[in-house]
Structure formats: structure tokens, C-alpha cells
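First the structure, in the form of C-alpha cells, and then the observations on it.
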Amino acid sequence: DFLCISLVNGFTQLRYNLGGKTVILQAPQKVRANGNTWHLLKAGRAGNEGYLDLDGINVTQKASPGMNVLDTQTDFFVGGVSSLNLVNSMATENEPIGFTGCIREIVINNRELKLTVTDPKGGANVGDCDGTVCGYSVCKNSGTCQVENTGFSCSCPQEWTGTTCEQSVHCSQNMCGSQALCVPQPSSFSYTCVCALGWAGKYCDSKIKFYIAKFVGNSYIKYTDSYYGKRDLQYSRISLNFTTNQTEGLIAWMGKSEDEDNDFLAIGIANGTLKVVVNLGERISVPLMHRKYFTCSDERWHFVTVVQNQTCIKVYLDEELILFEDIDPQRKYTALNYGGICYFGGFEIGRKVSVVTTGLFQKEFIGKIKDVVLFQDSKKIQLMNAEGYNVYDGNSGN
């Protein structure tokens, strides 16, 4: 299997093979090879349906029967490979040669690669394209970079300040307390403070404790399971109580959520009913929906338990077995390799639930969660002792 983007006789080309035939897409217009024109290239696939977009002109390849998973175990190469004879003969139209030119802002599956000296795993014969200390995107938020004798300086737009225009002027004199985040509110020439776990108040300066976690939107808890190394991942289990009046929301996500290949077990609300999704490998995520007359958006407490026994999934709601399915009778993947990471209510601030879950869930959770138990542990997990923001005491103001 491979996926390759190349230049062929002045045209950009996307080629990929998922185990069957090689799909070839070519942009209709030539690349301006004058050395000073930047081009925006977007390419990829959903299953075996491919697309290639050069400067807004799009070419697509319709889906066809056959393989739909890209199964590669190699590193990701940019501009060339360590040995050109390793390139599949179908990956390029002509003999493969290394790229000569400039590349910037590579984003893969919504994550930007850092094209620095230290971040990549390796490389050779790569230099600084800009040739100055300014480079690309040194000045944030549309700031303008100027080369100085001692380095560079940024000229910032009216709303931003700091050496690289990284700070909002509304947050430059903020009074947000311990570990809090300042969120600018330009329309009111003000700011709000987003509190870290264990803090509350307008400026996040009041210490709090909670056993019931109250999620108010733009909230999340990231819990690291200290017993992960001792778990039998073929027999996973999570149980918790929740209450909400919302018809959409991600309640819990067991998994690293770093890229689309990560295993996960997810619980949430969709259209007011319970939705559980499990992925044990190869991105074959199976959504299980409880579609009875029952609604979970009634502001009552509900008790949910999800049990994974290899590929068999059982879901209990209020102690009634509502779903029981074998998601892969072939038993190809049987372990939930969730990396010891559990998210509750959403993901880190700035990461949208709909994007991270690729549309499986639409929004972050608004409501309350308590009594979370992993596997067959005798104790509930201490949500207070995790990482998170915008989570408050669910006991107060019930």
C-alpha cells in the first residue's frame, strides 16, 4: 500500500494503492515553476474515494468496491525518501527523483507537522527556504515580520501584542489566577478566565473540591490511568453516572485521540439517545445506537456501563442490557489499546469534538458526570486529580 503526491511534467499528481488497483488523480492546471509562487495543495482520501485540490481547483475519484484502508507501516517522507529504490514503481509516473523547491505548512489529519531542525525523525539536504530569521509564521495573528540586526521584530495588528503577536491586548493585563487561561472577548474589550480543575470564580481564584463533575461547555477532563500497564486490554469496562438536558454530547472517550489510527471506546449522546462507538483497529469503528423510545436528555441521572469482551460489546443503561453485539466475528483485533488515556466531556481547548471524532459526536458534553469506574477497580477514579478546564462542582446548585 502507498499514497504518493508528486510533480509530473509540471502537473501535481496523487497516486494511492490500498491493496488493489492504483488510483491516479492529476490536477488540470500546471504548476507555476518560477520559484516565487506559492501553491496550496490539498489531497487525500476517504476510504478509497480520493481527491486532489490545487489552488482551489478540485479533482475527485469516486468510491469503488474493494479495499478502503491504507495499510502502511513506514515513516512519512517529505520531499524525497532515504533511498529512492524503495519507492513502489507505481507510485510515480517516471523514475522517482527528489523534490527541489520549498514546502511549508504541512497538515495531516488536522495536525500540523513542525518543519524544524529538531522535530522530524531524520532528513538530509534540507535548508531554510526563506533565508532570513523571519521565515514562515514567526509572527502570529497576521503580524508582519521585519529582519533586525539582532534577529527579527513583529509589527502586530491592533488587537495583538507580544514579541510574536501571540497575546491578545485584552489579556495583557489579565487577573486570571492559578493555571487559568485568559480568553479574549474583543466585542466587549474584555476577557474571561477559564479555570483549571480545582478552581472557580470570575478570576479562578477560589479553590474548590468536587465529586460530581459539572461540565458547562468548552469543558474537559483528561485522566491518565496509572494501572494501564497491568490491564488485560481484551476485557475492558467503564461505568459512570451522567445527567444532561442536551441532545448531543461526548460523555467519555477511552483512547489517546492523537490520530485516526488510535483505538478508542466512546460514549455519548446523539439525537437524545445513547451512542457507543468502539474501534479496536484499522479504523473500523462500529457505532452502536440505542433507538428505543428512551431518551437520555431528561435531566435525570442515568447509569451506563460498557463492557468489551474481545470483539463482543455489551452496553447496560440503568442496569438493563440494551445493546449486545459482536463487532468482528473474525476476531482480527481483540484488544482496546487506549494508551491509558480517558477524556470526559470533550477534548483539550481548541480541539473540536466533531473534528477529533470525525463526526461520530457533534458537541462537547454539557451536564454532570459522577462515579466513574474503570475495569473491575474497587475505587472510583478521582476526577479532581486529573488535567482539565472549565469543570465545576456538580453538588452546588443542583
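From the backbone N, Cα and C atoms, a Cβ is placed for every residue, glycine too.
Of the cysteines listed (Cys182, Cys195), TrEMBL assigns Cys195 as the disulfide partner of Cys204.
Looking at the candidates Cys102, Cys156, Cys165, TrEMBL gives Cys102 as the cysteine bonded to Cys129 by a disulfide. Within the chain carrying the domain 'EGF-like' (130-166), a Cβ under 8 angstroms from the stretch's Cβ atoms is held by residues 104-105, 172, 184, 186, all 6 or more beyond its ends. Cys129 (disulfide bond) is surrounded by 12 other CB atoms, counting those within 10 A of its CB over all protein chains shown. Under DSSP, the residues of the domain 'Laminin G' (1-129) split into helix, strand and coil as follows: 3 helix, 40 strand, 86 coil. Annotation for Cys204 (disulfide bond): same-chain Cβ neighbours under 8 Å, separated by at least 6 residues, are Cys176, Gly177, Ser178, Gln179, Ala180, Cys193, Val194, Cys195, Ala196.
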